[in-house]
């Protein structure tokens with residue numbers, strides 16, 4: 001047990017120099033860049049409260065997992081411990097699982113489930129539990145496996161982009177994909193081109209990944225909420241709003257539920 005708790009017991013290390021500012025914090029910028037998760041999580045929970053009440057209270061669990069990811073990622077980058085790495089990656093896995101269970105459109109369910117969301121949720125939970133155990137076998141590949149799930153999500157988003165004529169939804173999809181692409185580029189650059197960034201003394205790409213992916217999450221969440229509403233919330237209209245003001249060029253997106261008397 002002490003070995004998995006020990007500083008630098010993980011095989012994963014990022015480009016930022018270790019213990020540069022403190023003997024207690026292995027990667028300073030990679031640690032504190034996770035504060036964005038702890039800011040956006042409670043704010044989204046508050047802003048999306050009326051939507052969660054209408055759609056599913058399980059959505060609160062998704063926001064809690066989002067905040068837990070921030071805490072576990074801070075712990076991992078502070079210590080570079082094996083336990084921290086696993087906690088961070090497993091929290092991400094369960095966040096993806098909860099999002100699939102809530103928002104995956106029924107038309108994309110496996111045929112044998114007959115579009116039954118309860119059965120789909122059971123399948124997702126079983127798969128996630130198996131994946132959780134498998135994550136202990138080869139921890140160095142966990143991050144790549146988690147990022148590969150984005151390929152399937154992008155495919156679903158692409159199909160919905162082709163289907164819709166809703167300009168607001170198309171705009172959200174475009175912004176979400178651009179943010180995700182910038183985030184992944186930062187992650188890949190830090191992982192594979194570290195020697196170059198060290199030569200020019202720029203060690204911050206993984207911390208930039210944290211900030212960008214924490215911003216991508218609310219955009220992706222609102223995107224899937226709009227897609228989901230067309231299948232699961234007939235008679236309701238979702239209005240996209242931005243915090244702190246709709247008129248600002250950038251903001252945190254969320255949805256308001258409006259009644260709709262039009263027939264389906």
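Cβ coordinates come from backbone N, Cα and C, glycine included.
Among the residue ranges 171-188, 243-260, the one that TrEMBL annotates as transmembrane segment is 171-188. Excluding 13, 14, 16, 18, 27, which define the Ca(2+) site, the same chain contributes 15, 17, 26, 30, 77, 80, 203, 206 within 8 Å (Cβ to the Cβ centroid), listed in sequence order. Fewest other C-beta atoms within 10 Å: among the binding-site residues 77, 206, 210, that description fits 206. Nearest neighbour of residue 27 (Ca(2+) binding site) by Cα distance, taken over the binding-site residues 77, 206, 210: 77. Here the CA atom of residue 16 (Ca(2+) binding site) lies 10 Å from the CA atom of residue 77 (Zn(2+) binding site).
Those residues of the chain, other than 77, 206, 210, with a C-beta within 8 angstroms of the mean position of the Zn(2+) site C-beta atoms are 14, 16, 27, 29, 30, 31, 33, 34, 73, 207, 209.
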